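This report concerns only the one structure given below.
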Amino acid sequence: MSVEDGGMPGLARPKQARWTLMLFLSTAMYGAHAPFLALCHVDGRVPFRPSSAVLLTELTKLLLCAFSLLVGWQTWPQGTPPWRQAAPFALSALLYGANNNLVIYLQRYMDPSTYQVLSNLKIGSTALLYCLCLGHRLSARQGLALLLLMAAGACYASGGFQEPGNTLPGPRSAAGARPMPLHITPLGLLLLILYCLISGLSSVYTELIMKRQRLPLALQNLFLYTFGVILNLGLYAGSGPGPGFLEGFSGWAVLVVLNQAVNGLLMSAVMKHGSSITRLFIVSCSLVVNAVLSAVLLQLQLTATFFLAALLIGLAVCLYYGSP
């Protein structure tokens, strides 16, 4: 299994086992984010400022990276790396920041179900940029696997759950509220295309600079999250009046922040030693974890559409990673 396939060539079996464990752990943590966030809701809304949670997540990543550097400083190569190598990570942080904010603005121009279905186009944009920017070629078998991933995401988003007692699958709505009709405006479509392109570009660009630089991953993360903290601090300061910095935080909110921070570090290892395609499979496979936790913690019922999505994901994994 090659690096691009999500494995580590030439590694001894214990190291390969640790790599596989890391992939499973990242998948589980990615899938747990939405259910944990739902458990934070009070009266149907998030009681804290989202910008506070994002800033705390970036700060946690930065502190974990700094601690890792302090612990392993004796194993570093001699000499101080030139700080100009930090500059490329400013663009990476900017792309991630733009992507996160576009998600918020997209909700104004389309309904949530339309967004969930169409946002799976980022799988195609990531694969296209992966081939164009990194010079990799995907076989017809691998291309079909990625198409199956897109179809699985669309199936899952279009009706993987239903509320107990509800005969039709679909997104939950407030009691007594009329369901929002499916819609998307021309501006919303343009923003969605931009979102998918930026999502793919941020992933591929980060992979490119991480693999080109011969620097420890912890130092690269330090560069990335330093810029991330600066950017999100500015976004928080400019977000206008609202709850205080830690107002509304609960134990579940702290768990959301820690989960996102640790998973961000795991994802950076995937980008350094794996590939953007590996990341796509982690995100897609996390739908299964998301569904199981939503059923257990939120009492949502799985529908036949979910099992179809899970089947498509399994087929995609077999096609992409299996022997021809």
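Placement of Cβ uses the backbone N, Cα and C atoms for every residue, glycine included.
Residues or ranges marked as topological domain 'Cytoplasmic' in Swiss-Prot (evidence: similarity to another entry): 1-18 (among others).
For the topological domain 'Lumenal' (40-52), the model's pLDDT averages out at 84. According to Swiss-Prot, the feature topological domain 'Lumenal' maps to 40-52 (among others).
What Swiss-Prot lists as topological domain 'Cytoplasmic' is 74-85 (among others), and the listing cites similarity to another entry.
When the topological domain 'Lumenal' (107-142) is classified with DSSP, helix, strand and coil residues number 24 helix, 1 strand, 11 coil. Here Swiss-Prot flags 107-142 (among others) as topological domain 'Lumenal'.
What Swiss-Prot lists as topological domain 'Cytoplasmic' is 164-180 (among others).
The topological domain 'Lumenal' annotation in Swiss-Prot covers 202-214 (among others), and the record cites similarity to another entry as its basis. Non-local neighbours of the topological domain 'Lumenal' (202-214) in the same chain are 85, 88-89, 91-92, 95-96, 99, 126, 129-130, 133-134, 220, 224, 268, 271-272, 275-276, 279; each lies 6+ residues outside the stretch with a CB under 8 Å from one of its CB atoms.
Residues of the topological domain 'Cytoplasmic' (236-248) grouped by DSSP class, helix first, strand second and coil last, total 2 helix, 0 strand, 11 coil. The topological domain 'Cytoplasmic' annotation in Swiss-Prot covers 236-248 (among others).
Sequence annotations record features per position, and here Swiss-Prot assigns topological domain 'Lumenal' to 272-279 (among others) based on similarity to another entry.
Assigned with DSSP, the residues of the topological domain 'Cytoplasmic' (301-324) fall into helix, strand and coil as follows: 18 helix, 2 strand, 4 coil. Annotation comment: Swiss-Prot describes 301-324 (among others) as topological domain 'Cytoplasmic'.
Swiss-Prot lists 19-39 (among others) with the feature transmembrane segment, giving sequence analysis as the kind of evidence.
The transmembrane segment annotation in Swiss-Prot covers 53-73 (among others). For the transmembrane segment (53-73), the list of distant contacts is 100, 216, 218-219, 221-222, 225-226, 228-229, 232-233, 235-236, 253, 256-258, 260-262, 264-265: same-chain residues at least six beyond its ends, Cβ to Cβ under 8 Å.
The transmembrane segment feature in Swiss-Prot is assigned to 86-106 (among others); the stated evidence is sequence analysis.
Annotated transmembrane segment per Swiss-Prot: 143-163 (among others), in sequence order.
Proximity of distant same-chain residues to the transmembrane segment (181-201), defined by a Cβ-Cβ separation under 8 Å and at least 6 residues beyond the stretch ends, is recorded for 95, 98-99, 102-103, 105-106, 108-111, 113-115, 118-119, 121-122, 124-130, 276. Residues or ranges marked as transmembrane segment by Swiss-Prot on the basis of sequence analysis: 181-201 (among others).
Swiss-Prot lists 215-235 (among others) with the feature transmembrane segment, giving sequence analysis as the kind of evidence.
For the transmembrane segment (249-271), the residues of the chain that approach it from at least six positions outside its boundaries are 6, 22-23, 25-26, 29-30, 32-33, 36-37, 39-40, 47-48, 52-53, 56-57, 60-61, 64-65, 203, 206-207, 210, 217, 220-221, 224, 278-279, 282, judged by C-beta separation under 8 angstroms. The transmembrane segment annotation in Swiss-Prot covers 249-271 (among others) and rests on sequence analysis.
When Cβ distances are compared across the two stretches, the transmembrane segment (280-300) makes contact with the transmembrane segment (19-39), since 3 or more pairs at least 6 residues apart fall below 8 angstroms. The topological domain 'Lumenal' (40-52): residue composition by secondary structure is 3 helix, 2 strand, 8 coil, according to DSSP. Nonlocal intrachain contacts for the topological domain 'Lumenal' (107-142), taken as residues 6+ away from its ends with a CB within less than 8 angstroms of a stretch CB, comprise 4, 149-150, 153-154, 157-158, 170-171, 180-185, 187-188, 191-193, 195-197, 199-201, 203-205, 207-208, 275-277, 279-280, 284, 319-320, 324. Only residues 6 or more beyond the boundaries of the transmembrane segment (215-235), in the same chain, are considered here, and those with a CB under 8 A from a CB of the stretch are 51, 54-55, 58-59, 61-62, 65-66, 68-69, 72, 76, 81, 85-86, 89-90, 92-94, 96-97, 101, 206, 209, 265, 268-269, 272.
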